[in-house]
Amino acid sequence: MAPPAKRARRGLVPPGYKYLGPGKSLDQGEPTNPSDAAAKEHDEAYAAYLRSGKNPYLYFSPADQRFIDQTKDAKDWGGKIGHYFFRAKKAIAPVLTDTPDHPSTSRPTKPTKRSKPPPHIFINLAKKKKAGAGQVKRDNLAPMSDGAVQPDGGQPAVRNERATGSGNGSGGGGGGGSGGVGISTGTFNNQTEFKFLENGWVEITANSSRLVHLNMPESEKDRRVVVNNMDKTAVNGNMALDDIHAQIVTPWSLVDANAWGVWFNPGDWQLIVNTMSELHLVSFEQEIFNVVLKTVSESATQPPTKVYNNDLTASLMVALDSNNTMPFTPAAMRSETLGFYPWKPTIPTPWRYYFQWDRTLIPSHTGTSGTPTNIYHGTDPDDVQFYTIENSVPVHLLRTGDEFATGTFFFDCKPCRLTHTWQTNRALGLPPFLNSLPQSEGATNFGDIGVPQDKKRGVTQMGNTNYITEATIMRPAEVGYSAPYYSFEASTQGPFKTPIAAGRGGAQTDENQAADGNPRYAFGRQHGKKTTTTGETPERFTYIAHQDTGRYPEGDWIQNINFNLPVTNDNVLLPIDPIGGKTGINYTNIFNTYGPLTALNNVPPVYPNGQIWDKEFDTDLKPRLHVNAPFVCQNNCPGQLFVKLAPNLTNEYDPDASANMSRIVTYSDFWWKGKLVFKAKLRASHTWNPIQQMSINVDNQFNYVPSNIGGMKIVYEKSQLAPRKLY
């Protein structure tokens, strides 16, 4: 008789939690909430202390401080009690300064340490001290993971310790922490760490770092800009060229890391799609550090020369919209996220958002008589919404050497599969019984399969006939759906192409690829285009999804309710039959079978240009899927991060002048880094045969390595190569 299964020791853990309390083991499964997750991390750190010979129970450790930071905004009672317990311990217990070893991963990492300042700093400090200057204190920087938990998109966790005294050169106000001039405040890390857990789970920590360049805005004003290209849409047949809209252009810039290429290199993605079966999006955090602010002046000599000087008093404005009060503007749909190459400086995109503008455009074709109805309405006063960051979001001022951390945001999203389905409706359920089987190698059963079609048993929904065939037998549901494609609907703000979920169809013709809804991406040198290619024409690719949605437009037909065999031309509608008096238009262009019986997978991750997460609509009836991103945040999504150079004014500033204010030309370079955590399930093999995996041929290999002048590109990679059955 097998021994009884060994149960994990639960200890003194209150109901509703798995790790918040003493005396339990570390194999309790997934934490129940952010406070429980913080407790699990705290317990793992304590275990590391004990393995290294230190007793964390008698001292206040960095792990205790990390737990305090992560639970300071806790809304559950257990998190609040734990938070105040360790605050009390902090007040009475001696400090344990040494940090525990990090848990091992497939790529070992070292704890983040402050780099030592250069020797001339100490020489300067000694001179200033001798002259009577105050003693400069060095602030102790915690690693980025010490930021506050942000389960509801709360306020950013910024380090407010600032160095004081004249030796640092960056004293004064500001919302971020300060490392001081000449002292590094962070690390450059673009490693992807794979931590293999129990029961086939893998924790994937994607680290990303970029040098970000930011120029001062052209204007300090918000502008309402209306785009009007009625000259093009006034021509018959040009409805799809309509670009009329209104937008608010702001002086702010958006730091957007919401694209797969920001986080994973091609080798990482190959490993993930070849070995994992599904992805869970766990948490996200980001930080700005090592801020550099410089002014530009131009000499009066001929030819003029530019002089660049560090400005220790200029400010970088940083705002985190943690409560999602501003319009959500993911930049991946415009290919304007942070760049995909870690060693190349990148720029944040100018932030703008849509403003309401009514528009009427009546469809026409080249043979239409008369001028198209092409009305340029304007903004409805009832729908005016003008947002400003300055009075909606806390703004932090950073100077040279300062830093800013957002804290950790925990996602609430459904998982994303990394497998595709091959089954359509014709491959669901039990196949028909065969009376005879082939007797020779390679032989095929031709003709009748053993039982006359009108004598078979089973279930159909066909009236007026007793025939049961593979075409007429009733299946449990509809795999995929027929969607209108090349279909434009009219809204009060103009026509728009209706989105459809991507899926592989039948024959690979241009017509059918469009019908399958496969997205087509256009991008520049920051996002995968060959870096040495000249010209402004973007590079493009069409992502053909592996999953099968059951669409095959050129083979669809509709049969009359009075089912007749054979059918005549008056009781069947074929793809070649005219619709509305026009020929060559499939009924699939206008027919939608998406309904309560439809079975459909989520959209695939599109590496590297695809969007990762999206915001849930604030509507009562919500879409079940979004076509831009596989992860849809159920409650809140990470706050958008905005940056802007504060106005660096001259003595000629006149508040009554109508022209742009007089400013010193200023720009900033700062380092951005982030951490995006996933959990993935290892893919188990259930078939005898091996399967196709992500690989490359000899010619494609050289896309991923630099040429003799440094040219390289990123080729898109499939994400759902492994097949699976869905029924």
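From the backbone N, Cα and C atoms, a Cβ is placed for every residue, glycine too.
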Inset, instruction - Looking at the disulfide bonds in Swiss-Prot, identify which of C416, C633 pairs up with C637. - result: C633
Inset, instruction - Check each of the ranges 4-13, 334-343, 564-573 against Swiss-Prot and return the one annotated as motif 'Nuclear localization signal'. - result: 4-13
Legend entry - Listed range which Swiss-Prot flags as region 'Disordered', given the options 1-40, 361-400: 1-40
Inset, instruction - State the count of C-beta atoms found within 10 angstroms of the C-beta of N323 (Mg(2+) binding site), not counting that atom itself. - result: 14
Inset, instruction - Could you tell me the mean pLDDT over the motif 'Nuclear localization signal' (4-13), as a whole number? - result: 61
Inset, instruction - Using the structure shown, find which entry in C633, C637 (the disulfide-bonded residues) has the sparsest Cβ neighbourhood within 10 Å. - result: C633
Inset, instruction - Could you put numbers on the helix, strand and coil content of the region 'Phospholipase A2-like' (19-64), residue by residue per DSSP? - result: 24 helix, 1 strand, 21 coil
